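**Q** Quick one: structure below, then a few questions.
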């Protein structure tokens with residue numbers, strides 16, 4: 001396979017997988033998860049969930065535009081994005097579609113398996129290729145944020161939500177709610193660890209939004225409970241610490257002439 005055909009194939013997979021993921025998100029997930037089987041201690045407020053995914057998809061469009069049309073990005077940088085990030089992006093989108101399908105069909109065991117596989121895919125992207133190390137704020141917002149951070153935060157959250165659906169935790173069992181009250185703190189521990197070790201405020205901010213949605217979702221579901229209170233506390237702490245790290249981080253805007261490679 002020639003270099004040009006290889007690049008074309010990579011770009012085709014990027015676009016096709018994005019369209020597939022968009023279809024699954026819009027037609028199989030966002031407007032079809034309101035039944036009793038989806039109501040658990042990890043079910044968020046649907047409006048916040050919709051906002052999260054609309055922002056994710058919009059930023060992913062910007063990512064695709066950068067790969068295809070942005071003439072300010074050097075050719076070698078575009079090739080690096082397509083070759084290194086592209087496969088993980090395509091795999092994430094394909095697996096997200098499968099999750100939407102199985103979640104829609106209430107096949108929660110298969111959906112959980114898909115989420116775990118996708119988590120491994122996204123962790124490989126995060127720790128192997130280190131998109132978080134991108135310094136240019138524009139590149140960081142259009143590559144790391146939509147391709148790595150937002151999908152990773154969502155996948156970690158979805159594992160708990162889908163898992164609660166799998167084990168029929170529908171706000172009826174006291175034991176299940178107590179367990180959820182403990183497990184929800186994972187959404188504080190993991191983002192704070194990433195903030196401390198990698199200075200990555202994108203995970204903190206995206207998780208903060210998801211926890212805000214969880215707080216409202218649980219408040220409207222069961223007022224006399226701890227889950228919504230814990231979710232709001234986690235959202236607030238993640239947001240404040242993320243903003244502090246964001247303003248203290250090394251993100252900067254670079255001139256075109258000194259444009260560094262996006263990825264190593």
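Counting begins at 1 with the first residue displayed.
Glycine is treated like the rest: Cβ placed from N, Cα and C.
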**Q** Identify the transmembrane segment range according to TrEMBL, selecting from 81-101, 228-248.
**A** 228-248
**Q** Hey, which of 51-69, 147-167, 174-197, 203-221, 228-248 has the most Cβ-Cβ pairs under 8 Å against the transmembrane segment (108-127)?
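**A** Out of the listed stretches, 147-167 contacts the transmembrane segment (108-127) most.
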**Q** Out of 12-31, 174-197, 203-221, 228-248, what stretch is closest in contact terms to the transmembrane segment (147-167), meaning most Cβ pairs under 8 angstroms?
**A** 203-221
